Structure formats: structure tokens, C-alpha cells
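Heads up, the thing below is written out as C-alpha cells.
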Amino acid sequence: MRLILLVLLATWQVVVDTRAPTFPDKLTQQLQQQGTTEPQGDHVCTVKTIVDDYELKKVIHTVVYNDTEQCLNPLTGFQCTVEKRGQKASYQRQLVKKEKYVKQCCDGYYQTKDHFCLPDCNPPCKKGKCIEPGKCECDPGYGGKYCASSCSVGTWGLGCSKSCDCENGANCDPELGTCICTSGFQGERCEKPCPDNKWGPNCVKSCPCQNGGKCNKEGKCVCSDGWGGEFCLNKCEEGKFGAECKFECNCQNGATCDNTNGKCICKSGYHGALCENECSVGFFGSGCTQKCDCLNNQNCDSSSGECKCIGWTGKHCDIGCSRGRFGLQCKQNCTCPGLEFSDSNASCDAKTGQCQCESGYKGPKCDERKCDAEQYGADCSKTCTCVRENTLMCAPNTGFCRCKPGFYGDNCELACSKDSYGPNCEKQAMCDWNHASECNPETGSCVCKPGRTGKNCSEPCPLDFYGPNCAHQCQCNQRGVGCDGADGKCQCDRGWTGHRCEHHCPADTFGANCEKRCKCPKGIGCDPITGECTCPAGLQGANCDIGCPEGSYGPGCKLHCKCVNGKCDKETGECTCQPGFFGSDCSTTCSKGKYGESCELSCPCSDASCSKQTGKCLCPLGTKGVSCDQKCDPNTFGFLCQETVTPSPCASTDPKNGVCLSCPPGSSGIHCEHNCPAGSYGDGCQQVCSCADGHGCDPTTGECICEPGYHGKTCSEKCPDGKYGYGCALDCPKCASGSTCDHINGLCICPAGLEGALCTRPCSAGFWGNGCRQVCRCTSEYKQCNAQTGECSCPAGFQGDRCDKPCEDGYYGPDCIKKCKCQGTATSSCNRVSGACHCHPGFTGEFCHALCPESTFGLKCSKECPKDGCGDGYECDAAIGCCHVDQMSCGKAKQEFEALNGAGRSTGLTWFFVLLIVALCGGLGLIALFYRNKYQKEKDPDMPTVSFHKAPNNDEGREFQNPLYSRQSVFPDSDAFSSENNGNHQGGPPNGLLTLEEEELENKKIHGRSAAGRGNNDYASLDEVAGEGSSSSASASASRRGLNSSEQSRRPLLEEHDEEEFDEPHENSISPAHAVTTSNHNENPYADISSPDPVTQNSANKKRAQDNLYT
């Protein structure tokens, strides 16, 4: 029994130990990542640099401590003391040098505040922008490397001596004199306005506007009525109309809206301004303006006006049904026999189709003969004379022979001729007898000759097919265009020959089947397809006798010269450059200060460029003289100082070019000839309008000019409720409650479920949403949906978002939300509309839960087996009746019934056994717990006492360690320690033990501490011990908690590092002299453990020690 209890105790200890929490190492990293200022985008280069960084170094300290382990000594409570070593880790921060790659702008680029790299031009571009390092792109009217020079308005050329000849306010290029057209004009002199599909200066920009839209000067599309979008590509959607599709239609009953003027176009059958009224009886068509013209009391369709004739046909119901036809438009065939024969007297009612029998027939369908098949006559005494194998029947009243298709004659003894077929050969075959051999005597279909097809053999075989009925496929390759429909011979493309078109034309031949001869001069070949002569380099023409024109070269002169400033060789295309240019394509000009054919001559100018062809100096603005070494005199400016300052409205002008430097408020331009651009106003147009997007402002004062529907100082406020239009001056109509008025055009905006000009009508059936413009998407025939949400209301038997899914098995009713109560699919099926159970044969009851009574079977148990039984080896099955017992289906209904009833019984037995097993397990657990507690109460171990001795030379290891205690104590004050051990416990327990009352008080103080840190471990962290104090009373109180901790739960705490070791020491942290860092057991200053005399031991302390040992 004791051995069993020992095993149970060991098992319980393992469970407790495995549940003890572990403590992973905690590292505190105090380095913060610097915010990045590196550039981004294009022109970014990566370089290597050296930076400072920090690394953490781990330092390990050895710790010796006492611990307890499980053993077989019952006198110590199966716990023995052992000495163990552990390690504690700390971390230090070290400075290291590391290589790092950083990003910076490439050479020639600088970094902006937004961290992008832009090209750098030095000196900066004066009248332009820098597009590459050291390269400027000048504004219109300026030139030079840094865009610093320009002729005065209206002049150009050397010395600005030439006058511009431009119109419509255009200026000209100061160097070339070409007109620089303002936006909206083009032509050599800017005399032509831009066509509708162009815009911008010189009309070089294509207008992207479509569908009749036009561009304004800024290139923005102004769409025509019925179109919208940025480029007028979007046709007004249904329900919108007008310019930019700003207005809404209110048409009803599926009418469409003219997207240009908003007029409703009614569907046939409706009329009214909004197509809200149906046509009256007797009228039809769009607008219900047309009157029905049906005869014989027949009605017409309100949409199409088509007459709905029953028993009649014809456009106006004026023609009676032909023999054998009845119903709507006489489209239905009567089923009475004999109608297919012309000599038959059978007929049917034109409206109902009821048969009217001829003589010799009887029955509701007139399909029963009065006489036998070979007899006829009133008394069936006469014998038919028809050829039996060619005859359909012998008329029972007259003996007339009705022949099979393909035969004729009084007795059906004659076959049809080549071109006739059908009953009595009355039908004529429609074959093309030039291409047909015969026709089918029954169907009349034509039998075609090889190479022909079609209903009457009038069509040739399709491409790539040939033979009788075009049944064979041609074997030509991709260079053939088909084959002969009769024999399959391939017809080759031009330039090819051979049985399968696999060979090129021989030399000097071309065309289809290579039948033509080339007509080129001797030694010159021709194209095998067209026959054109293939000319050598430098020649062209039909006979290759014409030289290449200027700008082309090579064979047939088909290559274009690439010489920009020169001419090319007619054969090789090599360029011969003009003076001042060089390079393979003559596109490179002489460098600055050089001119001439080879750019070898130096310009004789002073800090100026010269003509690349003549070497003449081109003086910059503000200079003159042959070498451009003289400055302009006062009151002159421009090229060669030929311009004089003239009076102007400008406040000041540039002394170099006469351009206005300061324009009056509200104007801009080099002569203040333009108003401020949109969005700006004031002096120099430098101030920005404060108006909301889409609203302009006065160029002088900046006052906002609001668009319709807005008001306020910045035009940012919409019109108040009840107002709309310019200045919000117009009153909205009285829209119905819940609807709003459009602040721009004043139209009522209906909420979901309402429609009409004033939103007063609910949505018509089948429509929903705002303005009732959306069609219900329900597939049900009722087309019913919620007028606000469009959610479909499904009829009984259907479900799904569109009511297009039938109910799943076991459910029924509207939206299939009701669950069927039938017994199961083996015995019944459930009606998805009503939920009624339809019992399978052999079952009965409201829910098909019972077998048919004995001796009954079938659907609803309506049939009965013989009263005297089914016989030997047979039985009465509830589903199929009498059956042999070995038959597979015999007894199947009874098996299904028993399976359904047996499932409930097996489920009950399963639950019974589950509960029985749980009860047995619980009883065994209670027995084991009872014997464990009994064994613990029989044990009466001695409670060890603890005494403390100061270590004289090792303050570093001053720590309390006892394996029966749940935390360590550190005593930085040796005097206090000594006084505690010298008997300063008057009237109390010796050696620091507490009385029962003191222990309860101490437990209240420490209540709430972490069980993971104290309750299940022998050691606490050093910081916690130092903060809590080091009295022997606290240590003694701690000894009454957590006797059974394992080494696994203790070791992580020994290796736990202090977070404060990365920074300066904390004011409450323990100095190295107080840390548990000894490696010599002989010098260990820990307390000695001894066992006192049991007689002198306080009985209360003894009882508590005993409880602590096992709990």
C-alpha cells in the first residue's frame, strides 16, 4: 500500500512540476533607429560609408545553491537536499565600426526638401527650366544657353533688324523669325484658326474630344448634348440627358429618354408625357395613336397592333383557317386522321380543333376504322384492290388507295418520275438538274453530282472541300486558295505552283500557277507575285531606268536618307554634310567658337558665338561691334543696341530687352496684354484665388464668381434647402416629404421607392431604388421586390437573392424558411410549396412515419394483397405487394422502416454507456484522493530550524538560501542581521519562526504576489528581494510557501539578467558585493540547517510545518 501511495505522490509531483511556468530571458534594447533623410525617385546613387553602431556582449556569473529532489526517504517527506550550480547572465554594450551603404543624389543633381533629386544648372536658367545638368529648356520668346536673351516684340534676326509678320497676337522666334502662335491659331503667320480637332499654340495638340465635342483654348472638352466625361466618350446613361448629362429623366413603364433633350420615348402600348398611361381598348402603338383594324370581332396587341386571330388568319383576321388548322392564327394542326389526303372528308373545328369524322371512321379522334384493313363499304363486304406494299391504307368508306410517298396510281402500282415525289407524286422536286442526278421519292431531297451541294445542288463546294456532296477535304497547303470541287485539284496563290502549291515560281515567271513571263530588262528579275521588276540600288521605275529622287536610296529607292543637314549617296545612303555640320547623319553642329565645313576655323568674337557657316559674330543682348566688345549706350537696348526705350503702361521695363517688369493689377504678359490666368489675380497675378474648385474669380479684386448651385465668399457653400441656380435665387418645387431638391438644376431627387416629377408616386411593380429606375432582378414570375432595397420576395418553393433556386430537400414555403416534418427521404418527399409529405409506396401517416397495414401496399396503401395470402415463398411487401422473398426489392420498405426506428434506440444506448464510464472514472479518482490524504496525515516529520552566521570576508554572497523557502533574501546591513540572531525576539518563537497569528498577518501582506514568481519557485529576482527587505521574519514567512519546486523552474531565474545593466545603476539596485556570485562552497555564507529537539518544538509550529510539507 505504501508503494502505491509513493507512486501516486511521484505522479502528482510531475504534474505539478510540468505546470510550473518558465521564464524566458528578457533583453532590453535601448538603441533607437534614426529617421531617414535619403532621397528617392530617379537619379539616386548608392555610396559606401563608415558609421558607429552598438553590440551587446554577454557576461556569465556562476552561482552555487541548495535544492531539493525527490527520493525514497519517507522521513524527509520524500524530498532530499542537494547542492547545485547555476549561471546568471548580464549584458554590456560595446561600440563598433560598421560599413553602411547610403543613398544620395548623383553628380549634377541636388536634393529637395521633399527628398527628390533635380538637375542643377549653374548659373540658373533665367527664362526657362533646367531639364538636365547644365542644360536649360527656354520659355517661348527666349534663347541662349541660359535663356537670358530675347528680341523685342515684333523683331527677330541679327540685330533684331527684321520685323515679324505674324497675326492674331502671335510673336516670333528671336533667332529664326518663325511665328509662335498663341493658343487656337496655326499657319506660317498664325493666320488660320485651329480646326475642331486641334488646339493649343500652332494647333499641334490633338483635341481628344469625341462625339461632336469641341476643345476650348485650354484643351478642355465641351461636350455636345447627350455626351459626358473628360473626352465626351460616355454616352449619357439611361435616365440622364443634356450637356454633360447633368439632367435626369423621369420616364415610366420602361420608356427610354432622348439623351439630348430629355423627351420620353414611350414603348408601344403607352402614352403620356412620362409614358405613364396604357393604351385604351382598340388602340395601340407608340403614343396609342393608332387604331386596331381587326375583323370578325377579333382584338389586337396594344404594343404592335397585330391582330390576335382565333379561328382566323390574315393581317386583319379576314381569312378562315385552312383544312386541318385551328387556334391562334391557325397555327395549330388538327390531329384527326385522313386530313393529310386531298380526297379525305375529315375536318376539325377552326377554333377548338375538335375532330369531325368522315364516313368509315369513328372515335373522338376519328382514328378508329369501322371495317377491317382489307375491307371497305357500308357493310364492309368489299375487298380493297391496292398494292399492299405501296399503300398506306385503303379508305374504309370508298376503297380508295392512299399511296405511300413515291408511288401513285389507282392501286398505287406506279413509282414517281425523276423530278416528282411525295404522296401520289404530286410534289415537284426543286433540284438544279444540271448539277443533280436524282431526288428522294419520299422527301424530295436532291442527290448532287460531285462538286455541288445545297438544297437544290445549285451551290459549289465550300473552300477546301470537293467530291460528291462535298464530302472530301482538299489537301492543299497554306499557299493554296482551295481546290476544284469535282476532282480536288489545288488552286495555288500567285507566285506558287505544284500539286499542293509547294514550289516557288521558276525564274522569269510570276502570277497564278506561274503562267506569266517577266518583262524586265536583261539581268533584272521580277516579283513572283506581281511581276514588278526588282530594281538594283539607286534605280526605280517599271523598267528600273529612273534614278532615286532626293531623300531616298538603295534597291528600288525604297530606303529614306537620314541626313539632317546634307545629302546622301543614291546607292549607299552615305551623307555629305553642309558647312557647319558633321557626323554620320550631319546632325552635329560645330562647338562654340568654331565654324566652317570641318568646324576647324575659330570665331573672331569676344565672348560671343558666331555663324556656323560664315563665322560672323552673333552679339548677345546689350553688346555691339564687329567683335561684340562694346556695351549699349543709355536709353538703348536689345540686339546690337538698336532698340530705344518707348513710353508704355508698364511700371518698369528690362533695360536689355524692353520687357515689362511690373504689370498693373489683373494683367500679365511681356506687354501686360493678357488677363491673369485662371485662379490668380492682383499685382503680377501673384495672388491665388481663394474660391472653391470649379469657381473663378475677378482678375483685379479676386472676388469669387460662383457657379449655379453655390454661394458664399469662396463659393464653397451649397444653396440652402429650397433654393437653386445662380446666386441661389430660384425657389425649388414642392418635392414630396423625404425627397430633396438638386441645388444646381432644381429637379426633385426622389428617395428609394418613389418616382415622379415631385416624387409623389410609389414605384411601379417590378421597379425599385432612387427614382424607381432600377428593375427588379427576381427571376420569379411575380417580379416582386422591396421598393427601397430591391430585395426579392420569393414565392413558396423558391429561395436565393433572385428567387432562382428551388428549396433544398427538407424545406418549403416562401423563401424556403420552413422545415419539413416528414419522416425522411427513405420514406417520403416534401412538397416545397406547401410542405405536405408525399409518402413513398408502402408508407402512410401525416409524416409518412408508419408502414402500410398488413395485407395492404402501394401509394397511400390503396391496394390489397390476396386475402388468402401470396403463396409459398412469397410475402406481401408494403411497397410492391406480393413478391418472392429472394427478390432484391422484396422487404426493402420494412428494412427502411426498421432502420429509422432502430437509430433512436442505438442513440439512447450510446449515452447510457458514456455516463456509466464517467461515473466509474469519478469513483476511482475519489478513492485515490482519500488514501493520499490519509497517508499524509500519518506522517509526523521534524520541522527544521534555520540559524544565520555572518560571513566575515564574503559580502558578495550574502544571501539566504534554503530549499524549503520560496524566495531569497539579501542582507546589506550586517548589524541588523546580527541583532536578529542575538535573540531580539522577546516572547516569540526562536530562530525567526512566526506564531500562527504572525503568519496569518504576514500572508495578508504578501497576498497577490505573482504565483509564477514566488509560489512555485525557490528563488526570486535580486531586484525584488532588495526591494522587499531582508529581515529574518520575512525569510521565515517565506519558508512556509512552495516546498516542491523543480530545477527546471528555478534555472531560468538564475540566468535572468537585469534590465538596468544597460544604463547607469538604479538607486534601488543591488551592488556587486550583494550579488549571488560565489563559486567556492567552503566559503559559502549561507545559513546552517539543523533539526531541534521535537520535545522543545512549539506544537503549533510543528503542526504548521507538517501541513506545509505536504501542501
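Including glycine, each Cβ sits where the backbone N, Cα and C put it.
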Selected residue, Swiss-Prot feature N-linked glycosylation site, from candidates Asn345, Asn1044: Asn345
Candidate ranges 78-81, 222-225, 874-877, 962-965 [criterion: Swiss-Prot lists as motif 'NPXY']: 962-965
Which candidate, of Tyr361, Tyr1019, Swiss-Prot gives the annotation phosphotyrosine: Tyr1019
Disulphide partner cysteine [Swiss-Prot] for Cys130, chosen from Cys121, Cys138: Cys121
The domain 'EGF-like 3' (199-233), counted residue by residue under DSSP: helix, strand, coil: 0 helix, 10 strand, 25 coil
Within 10 angstroms of Cys147 (disulfide bond), Cα basis - disulfide-bonded residues out of Cys125, Cys136, Cys266: Cys125, Cys136
Cα distance (Å, whole number) from Cys448 (disulfide bond) to Cys232 (disulfide bond): 57
Within the domain 'EGF-like 2' (156-191), residues counted as helix, strand or coil by DSSP: 3 helix, 10 strand, 23 coil
Spatial neighbour of Cys704 (disulfide bond) that is closest, considering only the disulfide-bonded residues Cys106, Cys264, Cys275 and their CA atoms: Cys264
Minimum Cα separation from Cys275 (disulfide bond), reported as the residue among disulfide-bonded residues Cys45, Cys138, Cys457 that achieves it: Cys457
Close disulfide-bonded residues near Cys715 (disulfide bond), where close means Cα within 10 Å, chosen from Cys106, Cys223, Cys457, Cys685, Cys691: Cys691
Length of the line joining the Cα atoms of Cys706 (disulfide bond) and Cys697 (disulfide bond), in Å: 8
Fewest Cβ neighbours within 10 Å, where candidates are the disulfide-bonded residues Cys245, Cys251: Cys245
Cα-nearest neighbour of Cys257 (disulfide bond) within the listed disulfide-bonded residues, Cys125, Cys136, Cys691: Cys691
